[in-house]
Structure formats: structure tokens, C-alpha cells
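A.B. asks: Dumping what Swiss-Prot says about this protein:
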- 86, 87, 88, 196, 197, 232, 419, 420, 421, 422, 423, 454: substrate binding site (BINDING)
- 157: Mg(2+) binding site (BINDING)
- 195: active site, proton acceptor (ACT_SITE)
């Protein structure tokens, strides 16, 4: 009973003031074991929450990008306050099966948690290394030496939760154990999951995604952690939905309005085509022809057209249209059955509108994606999530404004996230350089407190490797010295002395501590080539004594 009361008090804290749970504190305690455990990721989760709330209060944003490895994490820590771990990057570069591929979430489900652990271990290691180094300094030296907070909270890609409820629960457990401060889960079907900027995305019903979010929150509660939960929706550009079971989705599902197709479903037509030996382009032509005849519309669009065709006066027509728009406004989430009843009262009888006829061969319904559809999902997800993210097809401030105003009209304190995607051709967006520079702070004022370039690490890695490899092939070591070594020095990049960066001094401290303060085999002892980097250089170039120049690296002669 004491533990149940403790959990309830925790839920009553400011942290969870806006969070809705369909289960009780007793349910949570009953799922815990007798051995109470604590997790380092929980400290990072609390840090992340405070950081995001501060950004929300200040109208600013945490900006970050997907990190590939410990090198990127340590360099990002000097300038950015969060770290992102991208499923796309993991899929293409670091799956646990070592089989690369596109972002279809078909890699082993421990892939992203393992990358989180890889980076979290690196963060902790470089934090320990820095502390040991600073403890060897005098007070004056410490004051002169910038401190780097390597322990930046990690937010990781949870894709669709990787299956049913139990799969989501186990995935979330892995993330907590591996060091994630936050995760995001999207509302696509786990069977057909695609990168948010690919075609063919299939949504799940609103209620199914809520179940995923509840499963994640329950697992966090069982573990006693405050992991930040981000709910992503792909409803802005999706054109298919798995099910019509949730009435909140009905207003966005498309149906056939051409009565000539009654009883002639697309799926049956495609099956007949395949039976006749058609394939590829022929089947596509069949589908395209059928869809061109179908006159697909939402129920509301079909009713509006039917009212406009009625042989009545203009004033009466306007009255009926206004009444219909009142009843069918998107915030009411009118069901198909309710819509038909209201339409009949407005004189729309025997309306032909069939959402089953255009279903795909896989059984998916046609969906009309939009910002409004995303807003409706944002409303539904907000009580169960800490941050809401709408995936978009382009960097559009107007869409960002519509989504922000829509979601926050019902949930005014909701925090928002935004993908500053490299899948966008930013130069083709119509923005000037100044507008691109101001994009992050501009939408931050709309509540987008966490903004990230999902695949930023991969692109930066590819660019430097490609340009350096080409130059190195032509100019040899001069290319390395000019492009890398001198630039590391000019920009204060600590990998210039890579032995020190990797922690050779740190482990020398272990050796000397074990051996009473002296170790003849210390890695950074006499003879280490990194001594060459201890001098300060006035400029790069060959030694010219009469001009007072100093060599880039001390000669070994």
C-alpha cells in the first residue's frame, strides 16, 4: 500500500500534471518485482524535461541532429543541448544484423537501443575523462578551461513500437536500460512502416496508436522513470489507413461517389487482372483507370456537392450548407453513421458513397491526409504524450502555424517537435537564406521546442569523407594537413590530439594508481608522438628561423 501511495504521489507531481493514464497506481505496482532498480537514463530524462520546459517558457528550441558515433556526440556536446538517434541512420549504417537498408523499420528491434547504449557509454566515458583531467588542474587552470557538458539527453527513434503491445513494452524497456532520455513513436502501421518522407505510408487507427502510447507510459511507470514520450503523426501526407474502426478517422476516409462502379471494387478488379495474367504496368494501368472513374471524396465533400445540386433556392441552400458545416466541423469528429443521418435530414437521400470499393489489395482504406487530420490526431495523442510531432512534406511556416494553433486550441501547454528534414530540398522551398536562418527561432515561438535534422550526422559525415577523399587522392598529405589537421587546430577540435581525446591519459591514471603513482608502460609517457602538438604555432608552414615562423609539428631530427 505504501508503494501504491508513492506512485500516486509521483503522478500528482508537476511533471505529470497533463498526463492521462487509463490504469491505476495499483496496476503499476502489481507489475513490478521486489528488487527496486534505478536507471541512469532517468536522470537524463528529468534533465531533458526541464530543458524542454525552459525552452517552452522562453519561446526557444533545442536544436540537434542525428548522431552516428562517439566522435559526433562529443563534438555536438560543445554546442547542442540534446542528441538525436535516428532509426533511418541506424537502418542504413548500423543494424545489429549488420545488414544495411532503407528506413523500413525491418531491422532487428534492438538496433536503435544498441546505438543509444553505444553513444550513452561514450557520453559517460568522456564525462569521466574530463573530470579526471580537471582534477589534475589548479583552480586557475580550471577557471581558464571551458567545461563541456557531455551528458546531453538522448532522444531516440522508436519507429512504430515494433509490433503489438508486448513488443512496444519490451522496446521501451530496452531504451530505458540503454540510456534514452526520450523516445518517439509514430502512428504508421508496423507492417508497412516507411520513412516519413517516402510514399505508401499507412496509418493505424487513432485508438491503436493511443494503445502504443499507453503501453510505453505503462512500461516507464513500472520502471519508475520519467522518460519523455514523443507522439509522431504522419497524417499530413499519408494516403492510406489500416482500419475504419475509430470514428475520429471517418471524416478523412475517402469513398467512391460514381454509382456506375457500384459492386465493382478495385480489389476484385485487380484480382481478376492478375488471374488473366496481367502484371506490372498493366495492373497499374487498371488501377489508374478505375481510380480516375471513382470520383473519390470524403463523406463531407459528397454531402456538400449533393446539397449544391438540390433544386432549391439559394438562401435555403446556404442554410443547409451552413448547418452541415456546423455539424461536420472537424473538431466534432462526425462518424459515418451520424453524417448520413444528418445528411438525410437536410434532404440528401440515397447518397451513393462507398468507402469499401476503393480499398487496396491489402485491404487498406483511402485516406485524405492534411494538417487538419494531423491536428485531430494531435488532440487525441496529447493526453498520453509529452511532445507532439507532425511529419511534413516540406518546411512550411504556414503549416507549422496551423498545426500549432490547432493542437494548442485544446491543449495550450502542449510541447511540439519538428523534423528539419534533409529529405526537403531546402533550396527549392522558396525561402531566402535569411528565412532559412530564422526558420528554427520562428517556429520555436509557435511552441516547437525540439527541432532536429534526423539524418544530419550521416550527411555531414558523407560530405567531409567525399571531399577529403577526392582531395587526398590528388594532393596527398597536403590535403590532410590543410583540410583536417590545420582546421582542427584553428577550430579547437580536440581530436587533433586523438590519443588524449580517446582517453590515453585517463587510463594512464589507472596504471599509475594501481602501481603506486609510477608506470613505465604509461601510454602517454616519453616517446608518444602527440608531444609534437604541445607547442603553440604562430602559423602553419615550413620553418624559417629568420622570419620567426614555427613548424606545424616538431621535427624528429
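Counting starts with 1 at the first residue shown.
Note that Cβ sites are derived from N, Cα and C of the backbone, with glycine treated the same way.
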A.B. asks: Please name the residue among the binding-site residues 86, 423 whose C-beta has the most neighbouring C-beta atoms within 10 angstroms.
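C.D. replies: Sorting the candidates by Cβ neighbours within 10 Å, the top entry is 86.
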A.B. asks: Round to a whole number and give the Cα-to-Cα distance in Å for the pair residue 421 (substrate binding site) and residue 157 (Mg(2+) binding site).
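C.D. replies: Answer for this pair: 14 Å between alpha carbons.
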A.B. asks: Checking your reading of the structure: which of the binding-site residues 86, 88, 419, 423 lie inside a 10 Å Cα sphere centred on residue 157 (Mg(2+) binding site)?
C.D. replies: 86, 88
A.B. asks: Would you count the other C-beta atoms found within 10 angstroms of the C-beta of residue 419 (substrate binding site) for me?
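C.D. replies: Other Cβ atoms within 10 Å of residue 419 (substrate binding site): 23.
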A.B. asks: Taking the Cβ of residue 157 (Mg(2+) binding site) as the centre, how many other Cβ atoms fall within a 10 Å radius?
C.D. replies: 28
A.B. asks: Just how many other Cβ atoms lie inside 10 Å of the Cβ on residue 88 (substrate binding site)?
C.D. replies: 23
